[in-house]
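According to TrEMBL, the protein carries these features:
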type     : residues         : note
ACT_SITE : D141             : active site
ACT_SITE : D439             : active site
BINDING  : K111, E112, D141 : UDP-alpha-D-glucose binding site
BINDING  : K258, D280       : Mn(2+) binding site
TRANSMEM : 28-47            : transmembrane segment
TRANSMEM : 53-74            : transmembrane segment
TRANSMEM : 487-508          : transmembrane segment
TRANSMEM : 520-538          : transmembrane segment
TRANSMEM : 610-632          : transmembrane segment
TRANSMEM : 644-662          : transmembrane segment
TRANSMEM : 674-697          : transmembrane segment
Amino acid sequence: MASSSSTSLPLHICHGNKLTMIINRSHAVLHSIAISFLIYYRTSFLFHQPTPIIIPWLLLFTSELILSFIWFLGRAYIWRPVYRTVFPERLPNDDKLPAIDVFICTTGPDKEPTIGVMNTLLSAMALDYPPDKLHVYLSDDGGYAITLHAMRESWSFARWWLPFCRRFGIKTRCPEAYFSRTENRDSDSENPHNFMVEREKIKEQYVLFKERVRRAGEESKFKDKGVYTASDHPSCIEMPLLVYVSREKRTSQFHHFKAGAVNLRVSAMLSNSPYILMLDCDMYCNDPTSARQAMCFHFDPEMSPSLAFVQFPQAFRDIRENDIYDSEVRSAYTILWPGLDGLKGPVLSGTNFYIKREALCCHSIRKDIDLRELKDSFGPSNEFINSLRQDYKKPNLNDNGEASNMLLEEAKVLASCSYEDHTKWGKEVGFLYDSVAEDFLTGFVMQCKGWISAYVAPSSSSRPQFLGTSTTNLNDLLTQGIRWGSLFPLLYCLPLWCFATIPPLYLLNGIPLYPEVSDPYFSVFLFIFLSSLSKHLHEVVVTGKPIRKWINEQRIWMIKSVTCHLYGSLDAILKKFDLRKASFLTTNKVADDEQFKLYREGKFDFRASTIFVAPLVTVMLVNLASIVGGVYRIMFMGADWRKMFGQVLLSFYIILMNYVVIEGMVLRKDKGRIPLYVNVLSIVFSLIFLSLGSIIISI
């Protein structure tokens, strides 16, 4: 309850860190000056080089320009980072809070365990928010009978779980997380005995709930409620407050990936809440006050009119201190997003955001707009168009059975796979789902239309608002990276492939590509190299991470650049020329005990696709051969070490940062080592590359 004295107080405050801004801007100026000298050196001496090295010189220069361009764009992230503090206790009374629709998207139990999805569902239902203003939608894109059955079981268990959480002030409202804790200090109950008795009852009910879901999963043959297969089934909707939605899918119809499964049109019919919370199926509500935190911004009279959404960070409960795969994506949620918040706000991150329905549907319908024009945008449903009007009054589904049945039938029509055909839905209005990275694209378009956003990260002393699971094996990490790599084709893979192959090849053949050590311009290259590394190290340290984290991030950046970013770039180019259809690969969320054990021990699991592992081994073999050959030339063939030092340093750095690949090739004996056939294949590739390269250089 808000007191009268708090109504004039701000609901949130925004503050920056002056020291951080000074350091960031000073470094940007110095680094820019060094890049200017590098560009001057390359352009001045370009046409004074011997013919054999013109092409490699141009390739390296292009790579340096691309990385410099990426670096320059990245200065926006660190120019004015801001941090926000919220005061949800100052919000108006509960009766004045707006309704919220919660969307939890899942594709199927093969990669997204049903029990995990149900835990996310239960945590959302238990948010600290007026229950009559919270509507939870489980959007099952696969249309699996087991998911529908499990949701019904969750509804039954929620009658035990939700009162328990509210009665005893439980903060961890994901049942699995709550009962798996060794200590439970969530409750401030004045009667510990009653609390423990009640807790044991709820725990018993939870065990029974999991057993019923498990048995149903074993017995299910996909015969329930007209659900056929994951790629070919009719629409299916169950309600009331907890709504199961499965849109219609047909193998002959393009189905718009994850964002097409959000079913905004269906929710407009059934609840039409002005705000929407989007959640991945494994990202449970860890702080039940997140909805109230978001409303601190949506209730701000100055910010609210142009505020599209409030983004919370993704935090992961399965991350270890030695996060060898950088699975927590530290830089995004501690550096990049606060930096974007200092501009117009962060882009959508796919999950953990409270968004205004008006911004998401891109609607502002006036009474004088022609009905035919509206149908061109929003489709043929009159009821759906009416729901978008500002003066729309939603019927009470619980009190009016006839209206309830009518709207339910209309919702099934809206969930059909052909509804938006020949309309602007998904292109100019609605979720922009014609991309495998629909979240980023939607956020960009919103900001281009004048909307802003806000970012709220938990303080060091508070709970993460949401907790999920991340990728903890190499294959899933790089598979996921292919989709992300299609956002910026060639920007990383081209420079990294050039640096990983061209300088080593010419080192092996005794041809310098960088200034000699005594040349003043050598200090320019060295400064840029050390400046980039030291700035990255600074960012890691100021976010409370050890130096080991910096090494892991450098390594993963290089690994991704020569693998998944390459394939993501090729994928984007093929799609651009209509040579390949767009596809969306769901991230695997099924835990593998053996893989997780290796991750916990800080060991890479190289049981990944050959298309990922073979390039890594090939690059390492090329650099090993070149550094051995280069040092041999210097020591025994009279080569000038001062001219070759830059290339020796670069190859040595690549080998040092990626020693785990060498370890996986020759030292490890466990199942996560690099298979022998991959080593043999990579040796062949590296020999072919070095031989052909040497022949071309000698011509």
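All residue numbers here begin at 1 and follow the chain in the order shown.
Each Cβ is built from the backbone N, Cα and C atoms, and glycine gets one as well.
Automatic, uncurated: that is what TrEMBL annotation is.
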- Lowest local Cβ density (other Cβ within 10 Å) among recorded positions: K111, E112, D141, D439: K111
- Message: If you pair up every Cα among K111, E112, D141, the residues annotated as binding UDP-alpha-D-glucose, what's the maximum separation in angstrom, rounded to an integer?
- Response: 13
- Annotated stretches the transmembrane segment (520-538) and the transmembrane segment (674-697) touching (3 or more Cβ pairs under 8 Å): no
- Query: What parts of the chain pack near the transmembrane segment (644-662), using Cβ distances under 8 Å and only residues at least 6 beyond its ends?
  - Reply: 324, 499-500, 503-504, 506-507, 510, 512-517, 522, 525, 551, 554-555, 558-559, 603-604, 616-617, 619-620, 623-624, 626-627, 630-631, 633-634, 674
- Task: Give the distance between the Cα atoms of E112 (UDP-alpha-D-glucose binding site) and D141 (active site), rounded to the nearest whole Å.
- Result: 12
- Message: Below 8 angstroms Cβ to Cβ, which residues of this chain, lying six or more residues outside the transmembrane segment (610-632), approach it?
- Response: 474-475, 478, 500-501, 503-505, 507-508, 510, 559, 562-564, 566-567, 639, 644, 647-648, 651-652, 654-655, 658, 661-662, 665, 674-675, 678-679, 681-683, 685-686, 689-690
- Note on the structure: Rounded to a whole number of Å, the separation of the Cα atoms of D439 (active site) and K111 (UDP-alpha-D-glucose binding site) comes to 21
- Query: Could you give the Cα-Cα distance between D141 (active site) and K111 (UDP-alpha-D-glucose binding site), in whole Å?
  - Reply: 13
